[in-house]
C-alpha cells in the first residue's frame, strides 16, 4: 500500500459492541418472529393524544380491568418495520424507564395492527421544561440515561431521542422512553440508514452520511436535549434543512474541528457544503450563559455537555460514563 493511502478507519462502538453476536439469533432476527395477537375488543379508544409519521396515538381503556392505556394504531408501513419495533420492545421489557408494551392487537377486517402500552400521564415538554429546577434537570437526565444505557446494553440503538419521545409524569417523577419505531439492533461494522432521528437531534454522523454509526448517536441527541434544558432554549441547533443543520452545529463546534472529524473517518462531504459552510471558530459553551439560565448552566452542567456534544462519535461519553459524571453526584 502506498504511503499516502491511509487504511480506512474502522468505527466500532466503544461499548456493547458484540452484544447481538453473543445472543441467540432469534433475539435480533425480527424478520422471522411470530407475533401473538390479543383481542382488539378488550380495548376502547377514549381520545386522540398524538400522531406521528407512522402512527396515530390514543388514550385508551382496557375494558377487562378498567385501566387506562395508550393505543398506538400503526399506519401502513413495511410489516418488517412493525416486527422490528415489537421485537425490540419485547427484548427491552422490564428495563428501567422503558415504556411497557402490554399487548398487540389487530383489526380483523383491515388487519391494521395496534400496540397497547402502559399509560403515562405526560405533561407536554413545552409546558414542563421551562418550569424544571436544576435538581429536576439532573434527575430526569439521569433517568433518561438509565433507559439509554439499558437499551444499549441489550444491543439496541434508539435513533430517535428527542423531547417528544420522553414521557414525564412529573407528579410521580416517572420518565419513560417511548417510540421505538426507528430503533435498530447494533452489529459492529454494519452500515445503517442515515435517514433516522429528527432534524434538530441528528448527530453529525448522519448529516455527513457516515453509515457506520453506533449507540453514540443517541448520546448526541441526548446532549442536544440537555443543552436546550440548561440554556433554557426551545431548540439548541435549529437548521432549516439537513444541510443547514450541520452549519448550525459548525457555528458552535467549529469548522476546523468538523474537517478534522471528516478527515479522520475519510468522509467525503457533499458538494453542497462548499457554498454554505464558511469558517467558524469553536464557541465557548459559557458564551450561552446569561442571567436567565445561570443557575442551570453551572460548571458541572457545562463540563458534562462539553463531553457529550463532540463531532467525533468515539469521543462522546457513553451512558455509563455520563452517569458517573460529578453533575449527577447530588442524586446519589
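Cβ atoms are placed via backbone N, Cα and C, with glycine included.
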Matching residue for the ATP site, where Swiss-Prot names 49, 50, 51, 52, 53, 54, 55, 56, 57 - out of 72, 78: 72
Site diameter for ATP, Å, by largest Cα distance between 49, 50, 51, 52, 53, 54, 55, 56, 57, 72: 14
Among 49, 57, the most crowded of the binding-site residues [Cβ within 10 Å]: 57
Shortest C-alpha distance to residue 160 (active site, proton acceptor) - which of the binding-site residues 49, 51, 53, 57: 53
Local confidence of the domain 'Protein kinase' (43-327) - pLDDT mean: 97
